[in-house]
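Student: Take this structure, written in structure tokens, and hold onto it; I'll ask about it next.
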Amino acid sequence: MSAIIDVYAREVLDSRGNPTVEVEVYTEEGGFGRALVPSGASTGEYEAVELRDGDKNRYLGKGVLKAVENVNEVIAPEIIGLEVTDQVAIDRALIELDGTENKGKLGANAILGVSLAVARAAADELGLPLYQYLGGFNAKTLPVPMMNILNGGAHADNNVDIQEFMIMPVGAESFREALRMGAEIFHSLKAVLKAKGYNTAVGDEGGFAPNLKSNEEALQTIIEAIEKAGYKPGEQVMLAMDVASSELYNKEDGKYHLEGEGVVKTSEEMVAWYEELVSKYPIISIEDGLDENDWEGHKLLTERLGHKVQLVGDDLFVTNTKKLAEGIEKGVGNSILIKVNQIGTLTETFDAIEMAKRAGYTAVVSHRSGETEDSTIADIAVATNAGQIKTGAPSRTDRVAKYNQLLRIEDELGHTAIYQGIRSFYNLKK
């Protein structure tokens, strides 16, 4: 094997026109890896810290020159000479070099860029696809896509409180078929919205963001779109929601303010509302149904719905093994959302997925609202046999890049490729 001989970072743009970090790693045997770092809109307070310059005269304060400098001047000298395939040692060196709990010194965006680029360089040098390098010969499960086709909340300027309404083509026989179903429903939804006189512009993640009258109208409209596309809701296609409740939670009164609905709810009332929605619609997954610090509320939600609905912790667990271990111990949730930039290194990401699986929790590999053409998360989903991926609508190249990579992987795996469909929800007791 060979050592790293050069590490170089630059400032580039993400899908929202904001700066982000791109890192390149070169090895002495000619291996090359490049990685771009994503960025979130609704972020959990326990996430690893993204370093931004704060200079209002450049990119409205969102520049990342400091993070780039940290890669080029602080990190590079430390990892040049290290064995490129020793991912765990390199990630440990990055964590120790930063020395903070939340990677706030060097920036999670600097650290993650290096961590991912190192893995790509190692795979390139070995002549292996990234998913195979990371997951070995047993990496063969294609994920069920969780496709965000209708947006509200922080991802849209409308009066829908729930941040994301998603479809999951669980009845497909292959990933290719699942993607086709999702794309057909997406186009069907556009036609349904147009016929109702709604705007069909798309939001950050490629989903539509019409000014619907209520959260339930969003669910009803998606059901109509699924049926008009020729599919059966509740059989071939299930619904999923990301409520992003921390955005609705008011710390002063400890209640949830659903401004679009014009109502204020307690934790108990939120749980009762979800129970009502689940009884009326084929909802199989709810993400961040309560505030990230409302552990009592999450426990109640898990007790009431955890046996039949996937309850995903995003802001709740922030891809962090300490937070996840606490959730497992308290019996909170039954699934974790995996975002590489919430924790900042590939090793820690894999640790979180492993911990989730051992506890019978599912792991949903996820994009961020500020994305790039980098498709690493597609490879991570297959490498870990996660079984689910959340990477937006089949619209906008930053989202489609991940889907296209999964199509390539499925082709490459041939007859050994597995698409689990509904069996991906091994956390449910149905």
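Cβ atoms here come from the backbone N, Cα and C positions, even for glycine.
This is the feature table in Swiss-Prot:
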| type | residues | note |
| --- | --- | --- |
| ACT_SITE | GLU205 | active site, proton donor |
| ACT_SITE | LYS339 | active site, proton acceptor |
| BINDING | GLN163, LYS339, ARG368, SER369, LYS390 | (2R)-2-phosphoglycerate binding site |
| BINDING | ASP242, GLU287, ASP314 | Mg(2+) binding site |
Student: Run through GLN163, GLU205, ASP242, GLU287, SER369 for me and report the recorded positions whose CA is within 10 Å of the CA of the residue listed as 'active site, proton acceptor', in sequence order.
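Tutor: Within 10 Å of the residue listed as 'active site, proton acceptor': none of them.
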Student: What is the nearest of the recorded positions GLU205, ASP242, GLU287, ASP314 to ARG368 ((2R)-2-phosphoglycerate binding site), using the Cα of each?
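Tutor: The smallest Cα gap between ARG368 ((2R)-2-phosphoglycerate binding site) and any of the recorded positions is with GLU205.
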Student: Consider the recorded positions GLU205, ASP242, GLU287, ASP314 and say which one has the Cα lying nearest the Cα of GLN163 ((2R)-2-phosphoglycerate binding site).
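Tutor: When the Cα distances are compared, ASP242 comes out closest.
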Student: Please report the distance from the Cα of ASP242 (Mg(2+) binding site) to the Cα of LYS390 ((2R)-2-phosphoglycerate binding site), rounded to the nearest angstrom.
Tutor: 11
Student: In Å, how long is the longest CA to CA span across GLN163, LYS339, ARG368, SER369, LYS390, which the record gives as the (2R)-2-phosphoglycerate binders?
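Tutor: The widest Cα-Cα gap among those binding residues is 17 Å.
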Student: For the recorded Mg(2+) site formed by ASP242, GLU287, ASP314, name the remaining residues of the chain with Cβ within 8 Å of the site's Cβ center, in chain order.
Tutor: GLN163, GLU164, MET241, VAL243, ALA244, ILE286, ASP288, VAL312, ASP315, LEU337, LYS390
